[in-house]
Amino acid sequence: MQGTANKLTEGLNEAQAEAVVTLKGPMLVLAGAGTGKTRVVTFRIANLIRHGTNPDRILAVTFTNKAAGEMKERIGELIGGKQRRKPKRGEKPPPAPTVSTFHSHCVRILRQHAPALGYPAKFSIYDRGDQESLARSILRELRLPNAALSPNDMLFIISGWKNASIKPEQAVYEAATDKEHFAASAYRRYQQGLMLRGAMDFDDLLLQTENLFELRSDIRDEEADKFDHVLVDEYQDTNGSQYRITKHLTQKHRNFCVVGDDDQSIYAWRGADVTHILNFSKDWPDAKIVCLENNYRSTGEILAMANRLIGYNTTRHDKTLIASRPKGKRPRIQQHKDEIAEAQSVVRDIKMHIEGNHVQPKDIAILFRTNEQPRLFETELRKANVPYVMLGAQSFFDRREVRDLVSYLKWIEQPNDEVALRRIINTPPRGLGNKTIEILLGRAVKRGVPLWDIMNDPNETAELTGPAQRGIEDLQQLSKDVLHRSQNESLVAAMETLLSRTSFSTEVASRYDKPEEREARMASIGELTNAMGAFEDSNDNPDLTGFLGEIALSGREMGSEKDKLAKQNAVWLLTMHAAKGLEFPIVFMVGMEDGLLPHSRSVKSGNEDDIAEERRLCYVGITRAQETLTMSLALTRRKWGKPRPTIPSRFLYEIVGKADNPNKYRKKR
Ligand code: ATP
Ligand code: MG
């Protein structure tokens, strides 16, 4: 045990140690990038356990699944061998702290209590694609043309309201523009549509948990009583719901530790509110406040750039950030002829690092701002045969075949999930063409019941054609059989039934002419089965509900294939948003152009607050780099097929100290 004790304060400076040995009461660690905030959270959990806190009384909330995974691993290492051993079959695993994201913790709460809100406990979780189909059908019902309100706009506006905890009945009063008025009327139907389908979207996971706590103080207390300690990382990016949920969970025991950095608040567009961290000591007047000043991550030169840049933001908590590492190499800023030359040059450099300098691919990251940027890098990396893994952009689970299969599973699990049912109803064809579906849907709408209820009502299906009736029987039998195998054998076995009974692979293969395309599609199908197998191996009671919940949460961020690739050692392709909290020895920040970073939306709005948020995003990007940082831009970039000249990012001038700094003339706060 002595060794463990040493380890617990050994790797910490004085301020960090102070935070780690404080075992009670509210605490705030507000400090710049790379100062060891996440390390403090991890060590503090280990220390709590060492001082007798039962691990299962501790809840730690992180921002991404990747961060949660890393934290669990780290805690395991710190508290030593006993907890790390994988339990044998049938043996109860030792208690472990709960480390999860806000969303997955809310799923856990809602799976238990959703019926109190009128949702089934097995509610499905809608991803972007599901949301879009629901939005489209609502806009059709409302007879709103795309020009008046597109599904995208509708979801964007509604999500904004949800993140601000604005309910449908209040939204009418919030709406200012025409679009918002239309969205307000769609909002109520959208929520009803979700409920009718037994589904929640991502925003609902937080919002409905908050509702639940408001509605049922007994459930709120029950959930709060499960923990004696709550720790939250990246607290600067909590939104209203997250703020209130944690408040409910901590008010009684008051052992609430939050860490964060106001300079890294990058989710205001999604409802995050930096005042939650800045006002922490108002909410908790007796809070202990710890400041960390030593940056252990980046070399001096990288840090100097980051400090210079963030110094251009006018409203911020001025923090000292001291480099603990040597000066290192000066970061490079490279200009390229066009975006293809940029991608080729970056990939050439990467290849050189890997082959020439023996750098591990996983130690290299390419950071970009928008979803359109990675495609060219993917192409070049593939050509160069460099493995890569992408986070924050198009997900494995967005591929058509994967979405089809997941829809099957969702529908089998939750037959009222109409979006899922409609996706698979005639894929592969089974006599249920558009005309039949329209008839059935019309009846469902008229009677206000789910489509599947109509399909199971012999009175409603009596006059359908023979093939249509056989199609329905086929679906009924399929659902029964798959469910049966999933409950009595295994998920993988259930998947086999699903694949063979739908002739899924043959069907998919027939869609593609090119063999490599076919192969890639087949690989996705295989990969989903692999994900199921992995889920079964790592869970005590693996069932379909759990699996679907997990992929709904991870699909956004990390698919099984990505997980595997990441473990296999691959270059990271990340949005700057997804890179928050992570670190890499070698970082490429690409597309350093006005209109990309800062994003065109902020450039157009010209709003200083928007630009300031983009600047923080750029700061997050720079501070991910440990040793080598390369920023690049293309002098021309194709837009709508035509090359156009670009403007170098204004942040580049600031980084090199060549822009006028308004703060020079401003008094320090
Ligand atoms: P971010 O703001 O980006 O989330 P952070 O403040 O959470 O950063 P960490 O990720 O915890 O910082 O730490 C940054 C790096 O510094 C990590 O590699 C960590 O292991 C290392 N580090 C932190 N504290 C110390 C220390 N006292 N001695 C040596 N290395 C440290
Ligand atoms: Mg961190």
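Note that Cβ sites are derived from N, Cα and C of the backbone, with glycine treated the same way.
Computed from a predicted structure; not experimentally measured.
Taken straight from TrEMBL:
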type	residues	note
DOMAIN	10-299	domain 'UvrD-like helicase ATP-binding'
BINDING	Ala31, Gly32, Ala33, Gly34, Thr35, Gly36, Lys37, Thr38	ATP binding site
REGION	75-100	region 'Disordered'
DOMAIN	300-581	domain 'UvrD-like helicase C-terminal'
Close to ligand 2, in the sense of Cβ under 6 Å, among Ala33, Lys37, Thr38 as binding-site residues, are Lys37, Thr38
Please list, in sequence order, the residues in the chain of Ala31 (ATP binding site) that are at least six apart in sequence and whose C-beta is under 8 Å away from its C-beta. Lys37, Val259, Asp261, Val290, Cys291, Leu292, Glu293, Lys319
For Gly32 (ATP binding site), which of the three DSSP-derived states applies: helix, strand, or coil? coil
Once Ala31, Gly32, Ala33, Gly34, Thr35, Gly36, Lys37, Thr38 are set aside, which residues in the chain still have Cβ within 8 Å of the Cβ centroid of the ATP site? Asp261, Leu292, Asn295, Arg297
For the domain 'UvrD-like helicase C-terminal' (300-581), provide the mean pLDDT of the predicted model. 86
Give the number of CB atoms, excluding that of Lys37 (ATP binding site) itself, located within 10 Å of its CB. 26
Quick check: in three-state DSSP terms, what is Thr38 (ATP binding site)? helix
